[in-house]
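As recorded in TrEMBL, the features of this protein are as follows:
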{"type": "DOMAIN", "residues": "45-449", "note": "domain 'Amino acid transporter transmembrane'"}
{"type": "TRANSMEM", "residues": "73-101", "note": "transmembrane segment"}
{"type": "TRANSMEM", "residues": "134-157", "note": "transmembrane segment"}
{"type": "TRANSMEM", "residues": "169-186", "note": "transmembrane segment"}
{"type": "TRANSMEM", "residues": "198-218", "note": "transmembrane segment"}
{"type": "TRANSMEM", "residues": "238-257", "note": "transmembrane segment"}
{"type": "TRANSMEM", "residues": "277-298", "note": "transmembrane segment"}
{"type": "TRANSMEM", "residues": "318-342", "note": "transmembrane segment"}
{"type": "TRANSMEM", "residues": "370-390", "note": "transmembrane segment"}
{"type": "TRANSMEM", "residues": "396-418", "note": "transmembrane segment"}
{"type": "TRANSMEM", "residues": "425-449", "note": "transmembrane segment"}
Amino acid sequence: MGSLGNSANSKAVHEAGEDDYDHHKHLSPTHQQLDAGALFVLKSKGSWLHCGYHLTTSIVAPPLLSLPFAFTFLGWAAGIISLVVGALVTFYSYNLLSLVLEHHAQLGRRHLRFRDMANDILGPRWGRYYVGPIQFMVCYGAVIACTLLGGQCMKAIYLLSQPNGSMKLYEFVIIFGLLMLVLAQIPSFHSLRHINLISLFLCLAYSACAAAASIYIGNSSKGPKKDYGLKGDNESRIFGIFNAIAIIATTYGNGIIPEIQATIAPPVKGKMFKGLCVCYTVLIITFFTVAITGYWAFGNHSEGLLLSNFVDDGNPLVPKWFILMTNLFTILQLSAVGVVYLQPTNEVLERTFADPKSKELSARNVIPRVVSRSLSVVIATTVAAMLPFFGDINAVIGAFGFMPLDFILPVVFFNLTFKPSKRSLVFWLNVSIAVVFSALAIIAAIAAVRQIVLDAKTYRLFANV
């Protein structure tokens, strides 16, 4: 009888504990763990349209101007197939990631960060030692790359007006860094929505300019003789193909889907899909137009950045004002892209230095925010100025970072969360994507490292390239 009473008591305690757990489970993340990064940087206030702006800025960025260069290693057929496959696989995997996030939100565990997802689905070690560091490396690498590219575009404008000018590349990188320093102080991801709407129009603008200039030069006698043959010996061609795949993967890369979804006001269901539709409409217009017109006009003479093809030995092949305008659109969008990719860094800094119990704009939080964010931009600008060959390094980051985060992990997360039947098409499609892109990531990383070794003899710190 005593044991019966004890078991009844323990059952009551257990049920009460379960009720308490359920109540705790359905609290929003803000109440569950009051960390300042989630509270201040990843505010959940946005609509699906704002989400579309953030997605477009993070994916449709100036690296798309290197797509014709990727085509020089692939040729017409393989180039267009790679672009189509990249679009289909990333749209599919970003939607899978969104469904997994929605599923956990409905269970009362809304994940606001990529590493939170990894902690919950793969275990804490994966989040702390793999997904967290890789995402930080990819996003901070993107900030450095944007700063370097911004400096290069500024230098291109300067050389148009002062062909014999004495200013060096690192000086322009520092000027661009100062612009980033100001924009980095915008408090939250959600507060970038208006900047990212302007950014959406800017990427359409410079893509239209780049395509128009390519068609104009391609139809005139000014451009190079069209040659679509693949250059180099067999070894160079094979590594070139994987290098091109890394370039295309990086162009489609995002790496911050959970952080973007975190900006959406609850309920989240279905909003990310609409945002992705906005983004991919812009993406298809820009990526395919620039890749096809650029490669058609310049063939295997396409430069790493298409805008470089518009000037031949210091002589502009299109009116100067047109090159200036295209570079200006590119510089302005680069600043928006750089700030978007600063958000995961900002979130880590905010979580470390801010006090969630104080107000967001209190002196206690504003002073550490300004100091820590300024320092992160100064470091990124210094690295960009010192290493003007960062493009080669970025190919490695693309292979090690963007491939796992955007092509491999989403399908793994989906299979582990929803456990589709092993006889279903979805299960095997996801397994195939994970296997194929894991192999591509390893080979692309080897190809990118090889490129660094080949180019190493030309590397100089603070070089004026």
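Just so it is clear, glycine is given a Cβ too, placed from its N, Cα and C backbone atoms.
These numbers come from a predicted model, not from an experiment.
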Cβ-Cβ under 8 Å with the transmembrane segment (318-342): same-chain residues at least 6 beyond its ends: 54, 57-58, 61-62, 65, 139-140, 142-143, 146-147, 149-150, 153-154, 156-157, 160-161, 176, 179-180, 183-184, 186, 189, 192, 195-196, 198-199, 202-203, 205-206, 209-210, 213, 216-217, 256, 307, 310-311, 373, 376-377
The transmembrane segment (238-257) vs the transmembrane segment (169-186): 3 or more CB pairs under 8 Å: no
Same-chain residues at least 6 beyond the ends of the transmembrane segment (134-157) whose Cβ lies under 8 Å from its Cβ atoms: 61-63, 114-115, 167, 169-170, 172-177, 179-180, 253, 255-256, 305, 307-308, 311, 323-324, 327-328, 330-331, 334-335, 337-338, 341-345, 348, 376-377, 380-381, 383-385, 387-388, 390-391, 393-394, 397, 400-402, 404-405
Annotated stretches the transmembrane segment (169-186) and the transmembrane segment (370-390) touching (3 or more Cβ pairs under 8 Å): yes
Whether the transmembrane segment (425-449) meets the transmembrane segment (73-101): three or more C-beta pairs under 8 angstroms: yes
The transmembrane segment (73-101) versus listed stretches 198-218, 277-298, 370-390, 396-418: most Cβ pairs under 8 Å: 396-418
